[in-house]
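Structure record follows, encoded as structure tokens.
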Amino acid sequence: MARAKFERTKPHVNVGTIGHVDHGKTTLTAAITTTLAALGQATAKRYDEIDAAPEEKARGITINTAHVEYQTANRHYAHVDCPGHADYVKNMITGAAQMDGAILVVSAADGPMPQTREHILLARQVGVPSLVVFLNKADMVDDPELLELVELEVRELLSKYDFPGDDVPIIRGSALKALERMTANPKTQRGEDPWVDKIYELMDAVDSYIPTPERDVDKPFLMAVEDVFSITGRGTVATGRIERGRIKVGETVELVGLRETRSTTVTGLEMFQKTLDEGIAGDNVGVLLRGIQKNEVERGMVLAKPKTITPHTNFESEVYVLKKEEGGRHTPFFAGYRPQFYVRTTDVTGTISSFTADDGSQPEMVMPGDRVKMTVELIQPIAIEQGMRFAIREGGRTVGAGVVSKILK
């Protein structure tokens, strides 16, 4: 059967549900799809279809994630929901599903719980730009003052982690009530049921409050060098996949990382053995560089628009350490551990100088399965920026995955 063509008529946004276990993330995901299905803008998904998420591998780590898609009048959404808490942590750190925004689900009956806090913190550290809150199970709370209190508590928590707590839209509703109504009458439209209306209200907030992300092609040019070869009489060619932005023949680029940064001019572009006028994000290209010798470029450097990325050696990061069952280490490691950090296309040795747990304490050691903040010093400078993902490897196997939360030097 021929594949249906993906029609790009509306802007595309990636969202996800986050929040404490059993506060209703998966029920809400089901409620959104069934509600929008009445308009023909989604395929209704049952709770158990979302909950039985298939396993996926991202950077060697197994994650259970369910992906659903739906549309509103304004946008096309890809929505990710993870069944287990550990899956969220891994998903957010490895960037298996990059979220442009998230729906934080908080049970009105319980208020914010430890994982609510942890997911907000993670969202902040891995760079989820904006959150919308769904105060779920509002049907179980009779006292309006109690709802006010929970809402206030959520706003304070958001502010604590540098989200604009006063401005974040908070919608009160009941995913289960909406889902029950839609299941009883799948044609229910807006205005016909107060609980279903809350789902529409939530989607209005997601539509208007979560900004449309800048597309990769509109960002400044960056390509990690994968391979280098020389063409007699023409010069040196660096090949790789363009991570973001666009590049034309005649433009100036910088070679960043491993050595002194230097600039050069692009004198030719090729893709699939054909010449190219312009390369854009996602293309695998060969870039011919003026005045650069083959021994001056190596895998692990990046080609970038001048002054958009700089080389660094010291950074703070959020890291998930793989369990033994995931192919990780069998034993803990201590400060001073020197693994390889796999960034974009290359391994660089680095020393882990210190660890910090969520509560601010500095543990002696890190166990497989832990999530921890670590400070790293690389032996060579490479192009690093906040929000960048990396893997930690030892003897060719992945032992951890991380994201840069702060550049130190």
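Start at 1 and count along the chain as shown; that gives each residue its number.
Cβ coordinates come from backbone N, Cα and C, glycine included.
So that you can see what the record holds, here are the features copied from Swiss-Prot:
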- 10-214: domain 'tr-type G' (DOMAIN)
- 19-26: region 'G1' (REGION)
- 19-26, 81-85, 136-139: GTP binding site (BINDING)
- T26: Mg(2+) binding site (BINDING)
- 60-64: region 'G2' (REGION)
- 81-84: region 'G3' (REGION)
- 136-139: region 'G4' (REGION)
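With respect to Cβ neighbours within 10 Å, the binding-site residues G19, A138 differ, and A138 shows the lowest count.
Taking the Cα atom of each, C82 (GTP binding site) and T26 (Mg(2+) binding site) are about 8 angstrom apart.
Long-range C-beta contacts of D22 (GTP binding site), restricted to its own chain and to partners at least six residues apart, with a cutoff below 8 Å, comprise S107. The most densely surrounded of the binding-site residues K25, H85, judged by C-beta neighbours within 10 angstroms, is K25. Cα separation, A138 (GTP binding site) to T26 (Mg(2+) binding site), rounded: 16 Å.
Packing around C82 (GTP binding site) is summarised by its Cβ count: 24 other Cβ atoms lie within 10 angstroms of its Cβ, all protein chains included. When the Cα atoms are compared, H85 (GTP binding site) and T26 (Mg(2+) binding site) turn out to be 12 Å apart. Secondary structure at D22 (GTP binding site), as computed by DSSP, is coil. The 10 Å shell around the Cβ of the residue listed as 'Mg(2+) binding site' contains 23 further Cβ atoms across the protein chains shown. The secondary structure of C82 (GTP binding site), as reduced to three states from DSSP, is coil rather than helix or strand.
G19 (GTP binding site) is 10 Å away from T26 (Mg(2+) binding site) when you measure Cα to Cα.
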